[in-house]
Amino acid sequence: MRPSNRTPAQTRPITITRSFTAHAEGSVLVEFGDTKVLCTASFTEGVPRFLKGQGQGWVTAEYGMLPRSTHSRMDREAARGKQSGRTQEIQRLIGRALRAAVDMKLLGENTIVIDCDVIQADGGTRTAAITGACVALVDALNWARGKGIIKANPLKFLIAAVSVGIYKGEAISDLEYIEDSAAETDMNVVMTETGKIIEIQGTAEGEPFSHEELLELLVLAKNSIREIVDVQKAALS
């Protein structure tokens, strides 16, 4: 039995609130149960130096956690003077995932920066961030089209992500912190709305897992992501 009494395949209640802040071209509050992440998308004309003159755009991401998003206060990374390896890994993951969803030629020489700030953490912050960031990205692209900055829609498909893992010998979806911290296997999966894989991050935290268990986890992730995409579509409708 899971601590929350959810079934193995059951995700937490998922809520996506658009236009959560006033200034960003796209802004979303995404909630996976008690995990809450603010995702903003900022659209700027121009691209980084390495892309200038190539007629294509760029999408990148930054990720951070508020000091009291966790059970005990942690120092701001700005106060420490450097980002942790975990932060760098997560923001690269978010950026890679979002770039997979965008036709950079149709974006033109424009840049979208996605900022994902964890307000409250209870496991699955990176997967929640990707899910919310995708909706913020859609809103930023629609803003740019409305302004006539870009003509065609560069979005190829929606993407979403979920954590899956093996907890007390059972494959489960959307792990909260108490499960994540005790899981034998922990995996983050990013997929397109049609179920194609963008990224898999999987680690045997306690016991090595079998090929059969890997396939079981991927099926679990695919089914959960299908449900999460439905939430995205409902928010965007």
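Placement of Cβ uses the backbone N, Cα and C atoms for every residue, glycine included.
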Phosphate binding, same site as Gly124, Thr125, Arg126 - Swiss-Prot member from Arg76, Arg80, Arg86: Arg86
Near-site residues: phosphate, ref Arg86, Gly124, Thr125, Arg126, CB cutoff 8 A to centroid: Tyr63, Ile90, Val118, Ala121, Gly123, Thr127, Ala128, Ala129, Asn188
Extent of the phosphate binding site in Å [max Cα distance among Arg86, Gly124, Thr125, Arg126]: 13
